[in-house]
């Protein structure tokens, strides 16, 4: 595969690692905080509503809804519960 085609392929696939369609989660790195802020400020999203998991680490996860353990709840009215033997989960 020629170099230009490979570069275009990488540029097309790269954004998929930052936005997950299942739950609206955003994965951020230290150098991409401005991209995250712009994403959150579009429409009705606000950076103040972003809850970042693993603060201080190189990679973190931003939840637009409530965070429950290592995951984001799918809707804003959900709350976090603990299930015996299954761990934390969202109850909606």
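Just so you know, the numbers here start at 1 and follow the chain as drawn.
Cβ atoms are placed via backbone N, Cα and C, with glycine included.
Feature annotations, courtesy of Swiss-Prot:
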type: DISULFID; residues: 63-72; note: disulfide bond
type: DISULFID; residues: 68-80; note: disulfide bond
type: DISULFID; residues: 73-90; note: disulfide bond
type: DISULFID; residues: 78-92; note: disulfide bond
type: MOD_RES; residues: 49; note: 4-carboxyglutamate
type: MOD_RES; residues: 55; note: 4-hydroxyproline
type: SIGNAL; residues: 1-24; note: signal peptide
Neighbouring C-beta atoms (10 Å sphere around the C-beta of residue 72 (disulfide bond)): 23
Cβ neighbours of residue 73 (disulfide bond) where a neighbour is any other Cβ within 10 Å: 21
Which of 78, 90, all disulfide-bonded residues, has a Cβ with the fewest other Cβ atoms inside 10 Å: 78
Densest Cβ neighbourhood among 63, 80 (disulfide-bonded residues), 10 Å radius: 63
